[in-house]
């Protein structure tokens, strides 16, 4: 029923195993008294019984604060970039770099274009042999762009454009159909940018002064901060093309251009901003509400100031209302001998009637399932709680488990209205926003939950912890998940200090990242190995936005 019941620990609460975990938490108890903090019963019953052993743990930690990290494998965090292999060499490491990369961490890109002129084209660096190629200007062809082909055969004009030859054999023009433009009629009527264009993924490759953009993998850009070989290039929409992008959050999309055949500079692009109508209703659909139940005034905003309270097993006891979209999935069934009725998975409220969770949390029939919102202490019924039955479960159709690893691990729960309404907005119950684009590796995000999974106990209080997003390249290294992470998954944790941040969430609970003061659900707690030692693995919500919205809209029509 659950993912990896044996050796796969789905983000368990226990962060540092055994007595040593207690040594870390007890020290903070003694040095930072907090009159508002109430310890968990679980904490007392499981960790406070053997005072002699606990005292010795504390002493060991005090004498050597780096005790936990002394024998860390230097390759654990895979410091080698660009798919390099990390080799342990005594107390340090060396990186074995694939072509065309070099450097002590494979951070440099070798310029394979130095002795390979492209004539009527631009030389590009590639990641496959011979690690360079020529991007020829039409109508030139060949490995060095020296051969000329007929300019209009085959027709280079796209989207039904008509090609006309000019006097010079290499010159031509495209007569574009209505609403299409560009040298090859490649730019459609919907090619525009929203806000500052950070999420722009169109095909404009001309600047406002009509200069042609350089390819992002041009050899001329190897020394630039932004190119195809930068970390998270794909998340920025940067690849082996020369389309305008805005990776640094400038005021609009831009690109690099070549000046005097040598010098590189940048210019803003000739791409229009989308009109207000396009932004509000990009597909021209009737602007009907999603359901008959009104949505909340806003999403992803809290009314609670962050308050740092006593650390509990590597996480923090969360302030009530700090994660108002947090949902507790509870069942009236006893799932296993060690798991009683009650809370068993987490979720996130994305609409008054909809909760997002993991597919592997939805093997229970709706009649045995309820969702509690605004919950802080699982042992109490609090005044700000709202409880709902589940009307329907929508599991993603391609969800599957292979070798105990859940793929496409996402599901939607449609809540059953109470007294004619679903969730009511309050300080303690709010919706989290769906993301409109990717977040970068290294972004600090939150996981939250009670730390309860199907194989162990957790805290009675809602916990949270900060984690950092980790690129799939690093997460797929041999030292971590060895190519088990697919494009619909993301990793998050703390590679420098493992053990303090990977186990506070519940299966199905939210990984939320913030932008401009608004929280977005970027991941769903899915699975992991060696809890506290490797990053947690999450379903990447941006990969399923179309399915989420289509499912909710379809149900709204009933």
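The backbone N, Cα and C atoms fix where each Cβ goes, and this holds for glycine too.
Taken from Swiss-Prot, the feature signal peptide covers 1-23.
According to Swiss-Prot, the N-linked glycosylation site annotation covers 54, on the basis of sequence analysis.
Applying DSSP to the domain 'EGF-like 1' (71-107) sorts its residues as follows: 0 helix, 12 strand, 25 coil. If you look up Swiss-Prot, you'll see 71-107 marked as domain 'EGF-like 1', on the strength of sequence analysis.
Residues annotated as disulfide bond in Swiss-Prot, with sequence analysis given as evidence: 75-86 (among others).
Sequence annotations record features per position, and here Swiss-Prot assigns disulfide bond to 80-95 (among others) based on sequence analysis.
The disulfide bond feature in Swiss-Prot is assigned to 97-106 (among others). For residue 106 (disulfide bond), the same-chain residues lying six or more positions away in sequence with a CB closer than 8 A to its CB are 80, 81, 82, 83, 84, 95, 97, 98.
Under DSSP, the residues of the domain 'EGF-like 2' (109-146) split into helix, strand and coil as follows: 0 helix, 13 strand, 25 coil. Feature annotation from Swiss-Prot assigns domain 'EGF-like 2' to 109-146; the stated evidence is sequence analysis.
What Swiss-Prot lists as disulfide bond is 118-134 (among others), and the listing cites sequence analysis. Just so you know, the Cβ of residue 134 (disulfide bond) picks up 22 other Cβ atoms within 10 Å once every protein chain is counted.
There are 21 other CB atoms within 10 A of the CB of residue 136 (disulfide bond), with all protein chains counted. According to Swiss-Prot, the disulfide bond annotation covers 136-145 (among others).
The domain 'EGF-like 3' annotation in Swiss-Prot covers 148-186. When Cβ-Cβ distances below 8 Å are used as the criterion, the domain 'EGF-like 3' (148-186) is approached by residues 138-141, 203-206 of the same chain, each at least six residues removed from its ends.
Residues or ranges marked as domain 'Kringle' by Swiss-Prot on the basis of sequence analysis: 191-274.
DSSP assigns residue 192 (disulfide bond) to coil in the three-state reduction, placing it in neither a helix nor a strand. Annotation source Swiss-Prot lists disulfide bond at 192-274 (among others).
Cβ neighbour count for residue 255 (disulfide bond): 25 (other Cβ atoms within 10 Å of its Cβ, all protein chains included). Taken residue by residue with DSSP, residue 255 (disulfide bond) is part of a strand. The disulfide bond annotation in Swiss-Prot covers 213-255 (among others).
Annotation comment: Swiss-Prot describes 312-553 as domain 'Peptidase S1', evidence class sequence analysis.
The disulfide bond annotation in Swiss-Prot covers 345-361 (among others), and the record cites similarity to another entry as its basis. Within the same chain, the residues at least 6 positions away from residue 345 (disulfide bond) whose Cβ sits under 8 Å from its Cβ are 329, 357, 358, 361, 506, 507, 508, 509, listed in sequence order. Secondary structure at residue 345 (disulfide bond), as computed by DSSP, is strand.
In this view, residue 353 (disulfide bond) is surrounded by 24 other Cβ atoms within 10 Å of its Cβ, with every protein chain counted. Look at residue 353 (disulfide bond): DSSP puts it in coil. Taken from Swiss-Prot, the feature disulfide bond applies to 353-422 (among others), supported by similarity to another entry.
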The number of other Cβ atoms within 10 Å of the Cβ of residue 507 (active site, charge relay system), counted over all protein chains shown, is 28
Tally Cβ pairs under 8 Å between the domain 'Peptidase S1' (312-553) and each listed stretch (71-107, 109-146, 191-274), then give the stretch with the top tally.
71-107
Residue list, the domain 'EGF-like 2' (109-146) vs rest of chain: Cβ under 8 Å, 6 or more residues beyond ends.
98-102, 156, 169-170, 172, 184, 214-215, 217-220, 222, 228-229, 240
Nearest of the disulfide-bonded residues (86, 145, 353, 445, 475) to residue 255 (disulfide bond), judged by Cα-Cα distance:
145
Which of the listed disulfide-bonded residues (80, 95) has the least company, meaning the fewest other Cβ atoms within 10 Å of its Cβ?
95
Considering only the recorded positions 75, 274, 360, 445, 513, which residue has the minimal Cα-Cα separation from residue 475 (disulfide bond)?
75
Entries of 192, 353, 360, 422 which, being recorded positions, have CA atoms within 10 angstroms of residue 118 (disulfide bond):
none
